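Engineer: Got a structure here, written out as structure tokens. Questions coming.
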Amino acid sequence: MPKILVLYYSTYGHVEQMAYAVADGVKAAGVEVEVKRVPELVSEESAQRHHFKTDQKAPIALPSELPEYDGIIVGAPTRFGRLPAQMANFWDQTGGLWAKGGLIGKVGAVFTSTASQHGGQETTLYSLMSNLLHHGLVISGLPYSYQGQLAVDEVTGGAPYGATTIAAGDGSRQPSQNELDGAKFLGSHVAELTKKLTAK
Ligand SMILES: Cc1cc2nc3c(=O)[nH]c(=O)nc-3n(C[C@H](O)[C@H](O)[C@H](O)COP(=O)(O)O)c2cc1C
């Protein structure tokens with residue numbers, strides 16, 4: 001039975017919500033899934049002062065655990081159009097794994113959140129993908145069979161490069177149903193691909 005990791009970082013909870021929607025999609029496809037997050041790098045005092053969402057139930061992932069999974073779906077909010085230091089810090093500890101080729105051939109996919117509609121969704125997705133490509137994962141996007149990404153009658157995330165949401169400048173906007181559905185679709189799609197790639 002294949003196993004998929006949904007690995008995320010989230011400061012204010014938008015990507016956290018997307019992570020659980022991705023996991024729901026994996027489960028719906030009958031594949032085992034675990035949701036884990038990467039460690040916070042900001043001090044507890046600073047996190048409280050800046051109203052970080054500190055009550056996130058997902059356990060902290062260790063880089064050494066990555067080989068246990070057949071698929072790895074990575075999500076993080078944008079920082080200036082690229083991945084945050086917290087997520088980069090995690091992948092920066094995987095050099096040994098890379099040297100051994102420990103993740104080659106696993107299935108990967110990515111998801112993100114930005115404040116504004118054009119604040120760097122695709123560039124952030126690409127910067128998340130870069131880590132996975134260097135590790136030799138086979139990358140899946142969000143296919144257009146998830147038609148919700150074509151919607152223009154509402155403000156919405158969703159891209160062929162991965163699932164996305166839009167948080168608004170003050171973080172007040174929450175992931176919409178269309179965006180959560182896109183995240184769920186991505187999870188199911190990666191699960192189906194993983195089943196095929198791991199079939200004996
Ligand atoms: C230092 C910093 C840089 C950011 N850069 C961008 C940016 O380039 N474009 C954008 O749309 N939002 C930017 N944001 C907003 C975050 O992406 C937003 O808070 C995040 O998507 C919310 O997701 P979360 O609740 O999972 O943390 C930035 C936020 C911070 C703190």
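In case you wondered, yes, glycine gets a Cβ from its N, Cα and C as well.
Note that the structure is a prediction, hence the values are computed from the model and not measured.
From TrEMBL, for reference:
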| type | residues | note |
| --- | --- | --- |
| DOMAIN | 4-190 | domain 'Flavodoxin-like' |
| BINDING | SER10, THR11, TYR12, GLY13, HIS14, VAL15, THR78, ARG79, PHE80, HIS134 | FMN binding site |
| BINDING | TYR12 | NAD(+) binding site |
| BINDING | TRP98 | substrate binding site |
Engineer: Select the most exposed residue of TYR12, PHE80, where exposure means the fewest other Cβ atoms within 10 Å, treating these as the binding-site residues.
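Structural biologist: PHE80, out of the binding-site residues TYR12, PHE80, has the fewest neighbouring Cβ atoms within 10 Å.
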Engineer: Could you find out if DSSP has PHE80 (FMN binding site) as helix, strand or coil?
Structural biologist: coil
Engineer: Taking SER10, THR11, TYR12, GLY13, HIS14, VAL15, THR78, ARG79, PHE80, HIS134 as the record's FMN-binding set, what's the max Cα pairwise distance in Å, rounded to a whole number?
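Structural biologist: Looking at SER10, THR11, TYR12, GLY13, HIS14, VAL15, THR78, ARG79, PHE80, HIS134 as a set, their Cα atoms extend up to 29 Å apart.
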Engineer: A 10 Å Cβ contact count, applied to the binding-site residues SER10, HIS14, THR78, TRP98: which residue has the minimum?
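Structural biologist: Fewest other Cβ atoms within 10 Å, among the binding-site residues SER10, HIS14, THR78, TRP98, is found for TRP98.
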Engineer: If you measure PHE80 (FMN binding site) to the residue listed as 'substrate binding site' at Cα, how many Å is it?
Structural biologist: 27
Engineer: What Cα-Cα separation, expressed in whole Å, is found between HIS14 (FMN binding site) and the residue listed as 'substrate binding site'?
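Structural biologist: Rounded to a whole number, the Cα-Cα distance is 30 Å.
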Engineer: In whole Å, note down how far the CA of TRP98 (substrate binding site) lies from the CA of SER10 (FMN binding site).
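Structural biologist: Spelling it out, the Cα of SER10 (FMN binding site) and the Cα of TRP98 (substrate binding site) are 25 Å apart.
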